[in-house]
Amino acid sequence: MSLDERIITQAILETYFEKFKSSLDLDVAIVGGGPSGMTAARLLAADGFNVALFERKLSLGGGMWGGGMTFNMIVVQEESVHLLTDVGVPVKRYKDNYFTADAVAATTTLASAACLAGAKIFNCMSVEDVMLREENGVKRVTGIVINSSPVEIAGLHVDPVVLGSKYLVEATGHAVEVLQTLVRKNDVRLNTPSGGIEGEQSMWADTAEINTVKNTREIFPGLYVAGMAANASYGSYRMGPIFGGMLLSGEKVAADIAAKLKG
């Protein structure tokens, strides 16, 4: 049977917009496709929730691809190993509490597992703002404002569109881009000591890994922080090419949001 290029185009258009239309009212929107975002997306989707992940770049993975300084191996600690092995990533013990995995295998498998669990992935999609509603004087995040990344990169004056979500996960890493926009544009106070973004400190892997999980929480009504964004929001340290805290943060934010959605 000969191929018709028009049908190829039609297939892409119809199936993509079916996926897009099913994301108009999400249970959870996740911004950022690093290890914490991918883990959260997989677990929430596997739990039956309507979940979509938005990644500005063409590929998912955040900083995981390059390991340390482009030496593409990563390290995780023992308590997080299950979040790799559960999806089929081979892990090797290096020393007590130090396990290694191939960075490319880990990244691609985490991304695939999220998709296969039912999470919808929108790459090349930038989240430029949030949607807010106010009830009884309390503001709450109720959705995301999105645009095509090429539009953003080219600096074109093109209006975005909006998707609703019951909860939003800020997992954009060091830059905390969603929170930066929320704070800059609105008279709001975050659930932090100062009421603002505390800022990331320098390298201290042990404390950073502990705090990545500890700081994973609802920082503003309807908005959670996870991964490195959690530490940047609450003023903790960076950790470098050890990824256990990121994975555990994704697991924690998924569990916390699932508990709220189940009511």
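Just so you know, glycine gets a Cβ as well, placed from its N, Cα and C.
Model, not experiment: these values are computed from the prediction.
Some features that Swiss-Prot has for this protein:
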BINDING   SER36, GLU55, ARG56, GLY63, VAL127, HIS157, VAL158, ASP159, MET228  NAD(+) binding site
BINDING   ASP159, HIS174  Fe cation binding site
BINDING   ARG238  glycine binding site
So which binding-site residues are near HIS174 (Fe cation binding site), with CA atoms within 10 Å, out of SER36, ARG56, VAL127, MET228?
MET228
Integer Å distance between the CA atoms belonging to the residue listed as 'glycine binding site' and MET228 (NAD(+) binding site):
7
Going by DSSP, is the residue listed as 'glycine binding site' sitting in a helix, a strand, or coil?
strand
For ARG56 (NAD(+) binding site), the nonlocal same-chain Cβ neighbours (under 8 Å, six or more residues apart) come out as CYS124, MET125, SER126, VAL127, SER149, GLU152
May I ask which residues of the same chain, at least 6 positions away in sequence, place their Cβ under 8 angstroms from the Cβ of ARG238 (glycine binding site)?
HIS174, GLU200, GLN201, SER202, MET203, TRP204, ALA208, MET228, ASN231
In three-state terms from DSSP, label VAL127 (NAD(+) binding site) for me.
strand
Count the Cβ atoms, other than its own, that fall within 10 Å of the Cβ of VAL127 (NAD(+) binding site), considering every protein chain shown.
25
Long-range neighbours only, meaning 6 or more apart in sequence with Cβ under 8 Å: which ones does ASP159 (Fe cation binding site) have?
ASN147
Record-listed NAD(+) binders SER36, GLU55, ARG56, GLY63, VAL127, HIS157, VAL158, ASP159, MET228 have a maximum CA to CA distance, in Å, of 32
Show which residues of the chain containing SER36 (NAD(+) binding site), separated from it by at least 6 in sequence, have their CB under 8 Å from its CB.
ALA171, THR216, ALA226, GLY227, MET228, MET246, LEU247, SER249, GLY250, VAL253
When DSSP is mapped onto helix/strand/coil, what comes out for MET228 (NAD(+) binding site)?
helix
Relative to the Cβ of VAL158 (NAD(+) binding site), which residues of the same chain, six or more apart in sequence, are found under 8 Å away?
ASN147, SER148, VAL151
